[in-house]
Each structure stands twice: as structure tokens, then as C-alpha cells.
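Novice: This is the structure, below, for whatever I ask next.
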Amino acid sequence: MVRALSVAPSLAGPLLRMHFHDCFVRGCDGSVLLDSTANNTAEKDAKPNLTLRGFGFIERVKTAVEKACPDTVSCADVLALMARDAVWPSKGPFWAVPLGRRDGRVSISNETDQLLPPTGNFTELAQLFGAKGLDTRDLAVLSAGHTIGTSSHCFSFSDRLYNFTGLDDARDTDPELDRAYMARLRAKCASLDDNTTLVEMDPGSFRTFDLGYYANVAKRRGLFHSDAQLLADPSTRAYVLRHATGAHRDEFFADFAASMIKMGAVSVLTGGQGEVRKKCNVVN
């Protein structure tokens, strides 16, 4: 991972995101890695996952692990470890990843409606987290995963810049977005239909895992509507404002590690459940 990220540092964010997307659908069972078949469209081909990157690299790591230690380490565990190893070389926290997950044999595109939409309001986000046994503190903590990586494409947030309430008016923008930041985003994303341009989620430090994310959200410069929603609830707002100061890095790092371990245990398969796949993109 250290070697790979030195060559392609922009992979850190996508690998962390991949683990999130795996755990929120069927639990952390590697189902996001399975290919579609003639009879089934898999999670990876559902709309929310079409911008995921890093599948080929995960397969290379799994091949190396299989060579060293065959039939032992699941793809779900490999992905959990790679997510951790995307964070600490980016100057983030290190944590011990509990292991022993087994791989699922099912991946269904329609089940990706459990993923957090970038357009979600606070109630919606809290409910989706709650359904996985995660609370609003975990929401505030794990949202900071947006501190590394370029965003998705413009279409993930362009509704905030154009036609926000459906008035089809050039001034119809998200009032929760800082005006100067909105002008910069509009210069990069010319229309609602832009599906190629990439934008940094944490401008200026997207390769570093730091507290810049909270400083941006506090200034109403969170990229997604879901980022801005952290200011809509008193408890998550207080968390954002505390860490926007940058004065409590060690406290935040400990919180992030704890929430990642908690998320990494969502609905896991263990013991005789599932299997240990030989290749991550196909069942045995």
C-alpha cells in the first residue's frame, strides 16, 4: 500500500470509500467486489458505485495474499485492511483491524439504496447510519473520510449550484453553500450534466488526512449537501465546530479509528458462514 500510494496517491480516498460502500450493503462481506453475471446485476454496477475505483489494485493485493497464505484471508478482510492502510500513509491514524470476516456470495444492485446519498438530509443520513448500528457521532466522525481524495464528479453536487429547488433560475442555488465557494465550483462545473470533471473534497489538502474537512464544513464549504447537513443537528454541529479549530487532532484520530472498527463489524459473516474467495470478483 505504501508503494502503491507513493505512485498513485489519489487511490487513498477511493479505497476508503470502497470499504464504506461494502459495509453499508449486506455488511462488510466483500459483496461490492463481485462482478455482475448474465442473470444478476451486482452492486458495483449500480449507479452509486459507478464512480468507485481501485478494483484492479484490490485484486492484485488479494493475489499476493493468496500466494503467501492461500484460502485464509477473505476479500472483506483485505478491503478493511486496505482502507486502514489508505488512511495512515496519508498522515492519518493507525488502528488494529479486527479480522476473521468471511466473504458473501450475493451481490444485488438494487440493495445499494442503503448507501448514503450525497443529497441526503440529516434525518435520512441518521436513519441510514442507525440501521447499521451506527449513531450520529459516527456520522460526524466518518464523514471526515472526505478529507482525502478527489470527489466524485460534478453531478454528485451540481444540484447545489443549479436548479436547487426546481425554479430553473440561475440564482436557484443552495443557500447553505458559501457564495465564494459556490462561484469557484460553478467555474469548474459548467452545468448539471457535467459527468467528467473531478473536484477536490478537501481543497488544498486532499492528499492529507487532517482536520481541514471540519474547517471547510464550518465555513459552509462542505462539497456535498450531506456534508452541510452536519451543521443541521446540535450534536454533530458541536463536533464539527470543535474539530474545525484543529486543536484536537489526537482526539479526532482516536474517534475515527473507533468508528472505523465499529463500521467494520457491521453484519459480518464469520465461522462457517460465507466463504474465503480465491478471487475477489467471483465466488468460488
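For all residues, glycine too, the Cβ spot is worked out from N, Cα and C.
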Novice: Cys280 forms a disulfide with which residue in TrEMBL, given the options Cys28, Cys69, Cys75?
Specialist: Cys75
Novice: If you check TrEMBL, which of Cys69, Cys189 bonds to Cys154 via a disulphide?
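Specialist: TrEMBL says the disulfide from Cys154 goes to Cys189.
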Novice: Name the one residue among Arg17, Cys23, Asp29 whose Cα is closest in three-dimensional space to that of Asp210 (Ca(2+) 2 binding site); these are the recorded positions.
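Specialist: Going through Arg17, Cys23, Asp29 one by one, the Cα closest to that of Asp210 (Ca(2+) 2 binding site) is Arg17.
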Novice: Which ones, of the recorded positions His21, Asp22, Glu43, have a Cα no more than 10 Å from the Cα of Cys28 (disulfide bond)?
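Specialist: Candidates kept after distance check: His21, Asp22.
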Novice: Check the Cα distances from Arg17 (site 'Transition state stabilizer') to each of the binding-site residues Gly27, Asp29, Ser31, Glu43, His146, Thr147 and keep only the ones within 10 Å.
Specialist: His146
Novice: Pick from Val25, Cys75, Cys189: which of these recorded positions has the biggest number of other Cβ atoms within 10 Å of its Cβ?
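Specialist: Result for the most crowded candidate: Cys75.
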Novice: Going by Cα-Cα distance, which of the binding-site residues (Asp29, Glu43, His146, Thr147) sits nearest to Cys280 (disulfide bond)?
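Specialist: So, of the listed binding-site residues, the one sitting closest to Cys280 (disulfide bond) is Asp29.
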Novice: I want the residues beyond Asp22, Val25, Gly27, Asp29, Ser31, Glu43 whose C-beta is within 8 angstroms of the mean position of the Ca(2+) 1 site's C-beta atoms, in chain order.
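Specialist: Other same-chain residues near the Ca(2+) 1 site: His21, Cys23, Phe24, Arg26, Cys28, Gly30, Val32, Gly104, Ser107.
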